[in-house]
Amino acid sequence: MRTKTNKYLRQEMTAWFMSAPALIILLLFMIVPLLMSVYFSFTNRMLIMPPHLSTKFLGLENYRRILEQNDFFIALMNTLKFALVVVPVQTTLALLLALLINSKLRFIYFFRTVFFSPVVITMVVVSIIWSLLLAPGPEGFINSFLSHITFGAFEPKAWLFDKHSSLYAIMMFSIWQGVGFQMIIFLAGLQYISKDLYEASGLDGASKIQQFFYVTLPQLRNTSVFIMITTTIFAFKLFTQVLVLTNGGPQDSTLTLVYLLYSEGFTKMKIGYSSAIGVLFFLIVLLISIVQMKLTKVNREG
Amino acid sequence: MKRIGRLKVKKIRQNVYHYVLLIFFFLIFISPIVLMILSSFKEDEIQIIKDMSSIQAFLPNGPMGFENYVNVFQRMNFFKFFTNSVIITVSTIVVGICFNSMFAYALAKLEFKAKHILLPAMIALIIVPGETLSIPLLLLVNKMGLIDTYAVQIIPFVAEPFFIFLFYQFFKELPKEIMEAAIIDGSSYFGIYRRIILPLSKPVFASVIIFNALGRWGDIMWPVLVTRGEDVRPLPLAMQALFTINRNNWGDIFAFATMATLPILLLFLLFQKQFIRSIASTGVKG
């Protein structure tokens, strides 16, 4: 009996000893800032408080201002637009690429490697390369290319400098950079599907296309859900591309939630206001996660 | 005989279509990378701009050489930024895998009362976006006097709920019997982690290292907030500064970008089998 208590105690001690480092860091650098963020969102806190001012409790004032001013709404709309285009397009493209490289053709590993390589290139570098490709006027490569393949019908666009196209230009190269990652996860999902299912349906006379819709897609459901959730959350964090190329412009057309949070909190030093944006951002991400998890649960049962 | 011949023709035609599609995407993915690397060797800045309106952008054209690279090394301390990025990324990973995996081991394999609170709390934290925390965190590290140090770019990232979760999932699957046997042999609980669990868990360590390396190496938001001068500035931020100041100096910009990219690209090419396998393994579960 005594040895048993001893053994348990030893286990409990070891558990605490091994948890402590990570726990302390999480507490100090996640929990504390999270609480600060909620608290500051109700105050007029500045990054550097002017000497004649002290931190005052404002109640819901910051939230009221967020709803009154246009910035937050514009940023929310841009972020949603970005996610609503990028998530389906990137997921579909990733699946297509995965199907293409899921074969035993010669050089297939070479293609797989090249399709994946943009993932390891830092987003700052990717943004810079694409800003040259997307250069305005007929000298820009993308403009010149589109004009060539349409025999001159395409009018050169200013891409990143035009409020109608800037966000779409960012979507384009964001997908270019990220799609290889989802492709690999889809590929793993494809290779996980039992060959028997294809053989059985083949014997039943199913065509390749029928097999895709009745075998491949249903079997990939969990993989797809995983990819959709992670891509959505990534899309919501759009920031680097905006910081490097557009700073939210032209005319707020690329202003995103995270960029707004950054510019209010850091550039304008309004910690209180920025924290309120952060809290709302968190609630939105939380809501999306919950909705997506609920939807997948329903699907699984059905 | 004839039937087999027809099937063969059909097969070949399918393969041709397949290769056409593969090559189409190959061009899309490789061209921007080729553009970066080739332009970094084009010594005439105006040449680079002129080439952009045609296929020349992706071909060697005009005087080629290392002048841009020399410029980058002369005009700025590339080596410093590079070392900074390496120090920050490597330290975060090394300390991070220890902290995260130890915590995950305690949660997955040890019995202790607080586990039933800590586990759900940790999983809930996965959803909290780091971006939400960054501004209050800036205030906090400012108070701690950590602005403009390596520490501020390392310490907050050495515990990461998502990585803890990946470790936890993996450890949970390892059979309990190996632990019981080791206990009978007189091993301590920490000894089991070090001598039995760790050697069995190489795949999950590889995944975490890769995710962590990509995230840390490319991060720009946190360095923008917490660095002031060039002393501890990492590559992405230095890259952005160069791009903002010398917007049209494309040769230098691409030389810098190539040097920032190639080490990671080479590492990926060397370890691509493990790289791709471990990324694949995180998605299949569930």
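Numbers here mean position along the shown chain, with the first residue as 1.
Note that Cβ sites are derived from N, Cα and C of the backbone, with glycine treated the same way.
Nobody curates TrEMBL annotations by hand; they come from automatic prediction.
Residues or ranges marked as transmembrane segment in TrEMBL: B:16-38 (among others). Here the transmembrane segment (B:16-38) has long-range neighbours at 57-60, 254, 257-258, 261, meaning same-chain residues at least 6 beyond its ends whose C-beta is under 8 angstroms from one of its own.
The annotation transmembrane segment is assigned in TrEMBL to B:81-105 (among others).
According to TrEMBL, the feature domain 'ABC transmembrane type-1' maps to B:82-271.
According to TrEMBL, the transmembrane segment annotation covers B:117-138 (among others).
If you look up TrEMBL, you'll see B:150-171 (among others) marked as transmembrane segment.
Listed by sequence, the residues of this chain that lie at least six past the ends of the transmembrane segment (B:192-214) yet keep a Cβ under 8 A from its Cβ atoms are 89, 92-93, 96-97, 100-102, 105, 109, 160, 162-163, 166-167, 169-171, 174, 178-179, 182-183, 264, 274-275, 277-279, 281-282. Marked as transmembrane segment by TrEMBL: B:192-214 (among others).
Feature annotation from TrEMBL assigns transmembrane segment to B:253-271 (among others).
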So if I exclude everything within five residues of the ends of the transmembrane segment (B:150-171), which remaining residues of that chain have a CB under 8 angstroms from its CBs? That is, six or more out. 84, 87-88, 91-92, 95-97, 99-101, 103-105, 107-109, 119, 122-123, 125-126, 128, 137, 141, 197, 201, 203-204, 207-208, 211-212, 216, 222-223, 226-227, 232, 234, 282, 285
Mind checking which residues reach the transmembrane segment (B:253-271)? Cβ under 8 Å, same chain, six or more beyond either end. 36-37, 39-40, 48, 68-69, 71-72, 78, 82, 85, 213, 217, 235-236, 238-239, 242-243, 246
